[in-house]
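Undergrad: Sharing the feature lines straight out of Swiss-Prot:
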type     : residues      : note
SIGNAL   : 1-30          : signal peptide
DOMAIN   : 46-218        : domain 'Laminin G-like 1'
DISULFID : Cys194-Cys218 : disulfide bond
CARBOHYD : Asn274        : N-linked glycosylation site
DISULFID : Cys363-Cys391 : disulfide bond
CARBOHYD : Asn397        : N-linked glycosylation site
Amino acid sequence: MEKGEVASLRCRLLLLLLLLTLPPTHQGRTLRHIDPIQSAQDSPAKYLSNGPGQEPVTVLTIDLTKISKPSSSFEFRTWDPEGVIFYGDTNTEDDWFMLGLRDGQLEIQLHNLWARLTVGFGPRLNDGRWHPVELKMNGDSLLLWVDGKEMLCLRQVSASLADHPQLSMRIALGGLLLPTSKLRFPLVPALDGCIRRDIWLGHQAQLSTSARTSLGNCDVDLQPGLFFPPGTHAEFSLQDIPQPHTDPWTFSLELGFKLVDGAGRLLTLGTGTNSSWLTLHLQDQTVVLSSEAEPKLALPLAVGLPLQLKLDVFKVALSQGPKMEVLSTSLLRLASLWRLWSHPQGHLSLGALPGEDSSASFCLSDLWVQGQRLDIDKALSRSQDIWTHSCPQSPSNDTHTSH
């Protein structure tokens, strides 16, 4: 084969991988050729997220000289509108690409010596359904189908790779191998989603014996929401969330519970030295409000109605629908509460405190602070096992332990 033909083939393979979502695996795994039909039916769905941040689920090194089949297919589902499906490169400086979601639509970002582009296309796919995706090479074009419909056609671009001797490529699933800031249009990398029935250029990746076996939320029926398995937590700095009104001083938050189970901490307002100035606990389907030495309040929890917590200069009120419980406290105690917002370690925490034993799990449809929706991706810190955009349809043994 002539040198120019080899370069052209390598260019096509790079563009092919540009549009290809790869199967999630782990480092240390090897590739083997298998029957595609058997692969698609036998392999379990795999979870894409590796927690907050940009760390990928796995990183693969691909030998571009051993690609055996120029077509690929897979199914994926998510309620998450934004995140990385996969990132690939031969080097992070001038030859990388990314396939992900933004506002629920597929997006490709490409950066190399011949092209720098960003393309968003197709319908919104973050509807919780399994969407089949197929990629084929047709003459000089690459075709992409979603749900059996052609969504994208890229014509080949003539570019010589004669001075680009690398024949291997890194593929990172569910994350990035370069800083998020180096993307042409940065996004939140973590994606709460799953892939199944994936065939990759006639091959399928096999998990190593030491690979993490968690399926995340891929083996249960889902609904949209924010799910905290037992023992998980998320922490927001009070300086980073909507601030209290000042005249008069008031602060409110609202939690829309879709399901709750177990017993333990739901919410905390405090600081690093006093981690629980005000706390909401779940016990026997009842929310218990406590504030240090003050008497406790209990409110039976009705799933489906928003739970509201309101603070002002005279009281703390907990309500749900027509039911309300009020905790009257001293001005001295309330003054210390107001100072939480000026304290550098003032925080709002959801779920169990770090290291705390808790069996409570819950799903939130919404989390509002001062009338504004709070984004879990903006948390100061959060547990790896939180499902950021999905919840189980009902409590089950599968969700009583962290993944």
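Don't overthink the numbers, they just go from 1 along the chain as shown.
Each Cβ is built from the backbone N, Cα and C atoms, and glycine gets one as well.
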Undergrad: Tally every other Cβ atom lying within 10 Å of the Cβ atom of Cys218 (disulfide bond).
TA: 19
Undergrad: Tell me the Cα distance separating Cys218 (disulfide bond) from Cys391 (disulfide bond), rounded to the nearest angstrom.
TA: 11
Undergrad: Would you mind reading off the Cα separation of Cys194 (disulfide bond) from Cys363 (disulfide bond), to the nearest angstrom?
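TA: If we compare the Cα positions of Cys194 (disulfide bond) and Cys363 (disulfide bond), the gap is 19 Å.
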Undergrad: Where does Cys218 (disulfide bond) sit in DSSP terms: helix, strand, or coil?
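TA: It is coil.
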Undergrad: If I restrict to non-local contacts, at least six residues apart, and a C-beta distance under 8 angstroms, what lies near Cys363 (disulfide bond) in its own chain?
TA: Gln223, Gly225, Leu226, Phe227, Phe228, Phe257, Lys258, Leu259, Val260, Cys391, Pro392
